[in-house]
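S.K.: My questions all concern the structure below.
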Amino acid sequence: MPVLEVLHPLVRHKVGLLRAADISTKKFREITAEIARLLAYEATADFPLEQVTVECWSGPTAVDQIKGKKVTIVPILRAGLGMMDGVLDMIPNAKISVVGLSRNHDTLQPEHYFENLVGSLEERTALIIDPMLATAGSMIATVDLLKRKGCRDIRALVLVAAPEGVKALSAAHPEVRCWTAAIDSHLNEVGYIIPGLGDAGDKIFGTKG
């Protein structure tokens, strides 16, 4: 299944902390970054390794290093930025690509307004990051864009997904794997995930209340 729910106890505990209605902006940011690190750990488990020799304190020693993987992290503005530092902690040499999409609150469809992508996407693994996979419209649009630019290895990391979004992403891009910290119950009538986290962008940036 292309959408993989990470059921590790630490992940489940931290998602529970995020759901608290009275969580502070500071705490929401911190836990979002922590979960992003854990999702990045899961999403890179199949990266190939090669042995190299390094000079250890005891002499030359063979060690494992990731082999030839060029990675670009692709936050979907604006909420995806809240996950970026957590992923960078795990992959500090990754390049950053940015995609700006906003959701039309009448149609629930994504509207593209910005992009700044690194070069040589055909040689890179792209990790799209966005806290919420609701209708999956923004995620599908971002995958479409990366494919048009030549990227062939595309993965996604989200905090919370709705079954509707899981189904839509799987139908549109069955080869794209997505790691999520939780698959929730459903979308409400205005396209919010239930129980969800509320507006993750507002909680990360401290806007609206």
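Cβ coordinates come from backbone N, Cα and C, glycine included.
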S.K.: Would you identify which residue of R103, R152, R155, R177 Swiss-Prot lists as part of the 5-phospho-alpha-D-ribose 1-diphosphate site it also attributes to R78, D130, P131, M132, L133, A134, T135, A136, G137, S138, D199?
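M.R.: That 5-phospho-alpha-D-ribose 1-diphosphate site, as Swiss-Prot gives it, pairs R78, D130, P131, M132, L133, A134, T135, A136, G137, S138, D199 with R103.
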S.K.: Quick one: give me the count of other CB atoms within 10 A of the CB of G198 (uracil binding site).
M.R.: 17
S.K.: May I ask which of the binding-site residues I193, G198, D199, A200 is closest to A136 (5-phospho-alpha-D-ribose 1-diphosphate binding site) if we compare their C-alpha atoms?
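M.R.: Nearest in space to A136 (5-phospho-alpha-D-ribose 1-diphosphate binding site), counting only the binding-site residues, is I193.
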S.K.: If you count CB neighbours within 10 Å, which one among the binding-site residues D130, D199 has the smallest count?
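M.R.: Looking at the binding-site residues D130, D199, the Cβ with the fewest others within 10 Å is that of D199.
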S.K.: For a quick check of packing: other C-beta atoms within 10 Å of the C-beta of A200 (uracil binding site), how many?
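M.R.: That number is 24.
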